[in-house]
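So that you can see what the record holds, here are the features copied from Swiss-Prot:
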DOMAIN    2-148  domain 'Globin'
BINDING   HIS65  O2 binding site
BINDING   HIS65  nitrite binding site
BINDING   HIS94  heme b binding site
Amino acid sequence: MGLSDQEWQQVLSIWGKVESDLAGHGHQVLMRLFQDHPETLDRFEKFKGLKTPDQMKGSEDLKKHGVTVLTQLGKILKQKGNHESELKPLAQTHATKHKIPVKYLEFISEAIMKVIAEKHAADFGGDSQAAMKKALELFRNDMASKYKEFGFQG
């Protein structure tokens with residue numbers, strides 16, 4: 001399931017474009033997640049009041065959390081699959097404190113893919129999309145494995 005060097009290069013190349021505007025990308029990813037999958041809002045106590053796209057657009061807290069999410073994911077992606085030290089604490093908090101189901105990681109992966117495709121269509125062709133999809137799947141699978149270690153079936 002690992003990625004080739006070329007695939008990692010594609011992932012990190014497009015990720016560089018994401019990092020050029022973490023706040024904008026992160027905000028859009030979370031808005032997309034909550035709009036496409038409203039049930040995910042139940043896991044975020046401080047965002048439960050955000051019911052409309054306008055409320056979400058105006059939320060500085062949502063924007064800040066988007067930066068946090070994409071910053072953490074970026075740290076993991078940059079490890080090119082050797083992400084145990086970055087992944088373990090993230091999995092622990094998501095399994096034991098936040099109780100985020102693996103399915104929700106799939107949902108946010110979809111949102112990430114959609115936002116990148118919308119914002120960077122010219123740079124996110126079929127090969128880059130396939131590589132990113134594979135990298136996000138590796139992340140989710142490894143999170144799911146860690147969840148089990150922490151006793152969370154997610």
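In case you wondered, yes, glycine gets a Cβ from its N, Cα and C as well.
Of all the binding-site residues listed (HIS65, HIS94), HIS94 sits in the most crowded Cβ setting, with the most other Cβ atoms within 10 Å. Rounded to a whole number, the distance between the Cα atoms of HIS65 (O2 binding site) and HIS94 (heme b binding site) is 14 Å.
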